[in-house]
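Asks: This is the structure, below, for whatever I ask next.
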Amino acid sequence: MELQEVLHMNGGEGEASYAKNSSFNQLVLAKVKPVLEQCVRELLRANLPNINKCIKVADLGCASGPNTLLTVWDTVQSIDKVKQEMKNELERPTIQVFLTDLFQNDFNSVFMLLPSFYRKLEKENGRKIGSCLIAAMPGSFHGRLFPEESMHFLHSSYSLQFLSQVPSGLVTELGITANKRSIYSSKASPPPVQKAYLDQFTKDFTTFLRMRSEELLSRGRMLLTCICKGDECDGPNTMDLLEMAINDLVAEGRLGEEKLDSFNVPIYTASVEEVKCMVEEEGSFEILYLQTFKLRYDAGFSIDDDCQVRSHSPVYSDEHARAAHVASLIRSVYEPILASHFGEAIIPDIFHRFATNAAKVIRLGKGFYNNLIISLAKKPEKSDI
């Protein structure tokens with residue numbers, strides 16, 4: 001089975017769907033919103049071609065569920081707010097939004113949300129039907145998606161960590177698995193495995209930047225949010241917990257060791273310095289803004305979450321419920337690729353053990369994602385300067 005056929009979130013509206021388990025990602029979007037607004041402000045002041053008539057925007061790796069249109073909503077609100085600040089509120093441009101993800105993404109569930117979204121946009125923003133046009137653009141952002149120099153603003157959140165393929169070189173010439181008992185490039189992975197994953201990410205991210213530079217107009221903007229490497233205080237990440245859960249099942253004889261050793265998730269969490277260096281080396285973009293922030297991976301469990309507090313406060317007294325919440329989110333993201341390799345029957349057991357391990361981490365006040373926000377501008381051609 002092709003990787004692109006299984007590298008997608010759980011679709012639909014069921015209990016295991018991404019749509020029902022994406023409250024964490026709503027918090028990420030809320031943290032990014034002020035940066036998004038500033039990015040839009042700089043974009044509109046750059047006076048790019050045709051920008052006062054039609055702003056062309058894309059969300060790269062849009063997934064499905066309510067968060068998909070929340071990103072669009074935040075972008076439209078930012079554009080209208082900045083236009084009003086510029087005393088151009090009577091000249092609001094048409095906004096054309098492209099939602100992009102792999103072909104197996106549940107675009108249909110997003111389309112079902114559009115009528116109510118358009119009504120809300122008209123009621124709260126005064127934008128009549130037709131002033132914001134939303135379309136799907138299925139495909140991989142590791143290749144070209146749009147015509148040359150056609151886009152003003154590109155956005156991507158929590159997608160860039162996914163690789164275009166499992167790195168090569170994870171099996172030796174003798175057929176021995178180099179990444180035994182691991183499912184990704186963890187701290188325990190041998191140096192050759194870590195290098196293979198870094199090399200694949202470097203290739204993919206560099207290609208991503210080159211493709212986007214071809215699609216963006218000169219001085220167009222791009223806003224990226226992704227998970228980045230944290231520190232020891234953050235505790236094990238969710239991929240570590242998933243790896244532990246699968247190893248538990250191997251130890252119990254529920255899964256064969258060879259099944260674990262042949263499974264490698266195409267995901268890489270880069271460091272801030274790695275991302276920064278790759279942007280600079282590719283050369284098409286100027287870094288305008290770079291910031292990191294931490295979120296507990298059980299953030300979003302309740303609306304009262306103080307998602308950045310590091311403590312043993314009473315918020316951790318319900319660690320089992322919080323751990324189950326985290327397990328549901330991770331299941332909604334990784335179930336398709338796990339089921340394609342291990343089979344559907346074992347999935348509930350994997351995430352039962354995942355939740356057990358996550359509860360131990362949460363009880364200790366650990367379990368954080370380190371996040372990177374980076375705002376980029378396409379460098380102008382010499383003829384544009």
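Note that Cβ sites are derived from N, Cα and C of the backbone, with glycine treated the same way.
What Swiss-Prot shows for this protein is this:
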type    : residues                                            : note
BINDING : TYR18, CYS62, ASN67, ASP101, LEU102, SER140, PHE141 : S-adenosyl-L-homocysteine binding site
SITE    : HIS155                                              : site 'Involved in substrate discrimination'
BINDING : TYR158, GLN161, PHE162, THR238, TYR369              : caffeine binding site
BINDING : ASN179, ASP261, PHE263, ASN264                      : Mg(2+) binding site
SITE    : ILE267                                              : site 'Involved in substrate discrimination'
SITE    : GLU344                                              : site 'Involved in substrate discrimination'
Asks: Output the one of ASP101, ASP261, GLU344 that, of all these recorded positions, has the highest number of other Cβ atoms within 10 Å of its Cβ.
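Replies: Neighbour-count leader: ASP101.
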Asks: Taking the center of the Cβ atoms of TYR158, GLN161, PHE162, THR238, TYR369 at the recorded caffeine site, which other residues in this chain have a Cβ no more than 8 Å from that point?
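Replies: Neighbours within 8 Å of the Cβ centroid, excluding TYR158, GLN161, PHE162, THR238, TYR369: CYS226, ILE227, ILE267, THR269, VAL333.
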Asks: Please report the number of other Cβ atoms within 10 Å of the Cβ of TYR369 (caffeine binding site).
Replies: 21
Asks: Relative to the Cα of LEU102 (S-adenosyl-L-homocysteine binding site), which of the recorded positions HIS155, TYR158, GLN161, PHE162, TYR369 has the closest Cα?
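Replies: The smallest Cα gap between LEU102 (S-adenosyl-L-homocysteine binding site) and any of the recorded positions is with PHE162.
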Asks: By the DSSP assignment reduced to helix, strand and coil, which category contains PHE162 (caffeine binding site)?
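Replies: Where PHE162 (caffeine binding site) sits, the three-state DSSP reduction gives strand.
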Asks: Rank aside, I only need the closest one: which of the recorded positions TYR158, GLN161, PHE263, ILE267 has its C-alpha nearest to that of ASN67 (S-adenosyl-L-homocysteine binding site)?
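Replies: That would be TYR158, nearest by Cα distance.
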Asks: Please tell me which one of the binding-site residues listed here (ASP261, PHE263, ASN264) sits closest to CYS62 (S-adenosyl-L-homocysteine binding site), measuring Cα to Cα?
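Replies: Result: the closest of the binding-site residues to CYS62 (S-adenosyl-L-homocysteine binding site) is ASN264.
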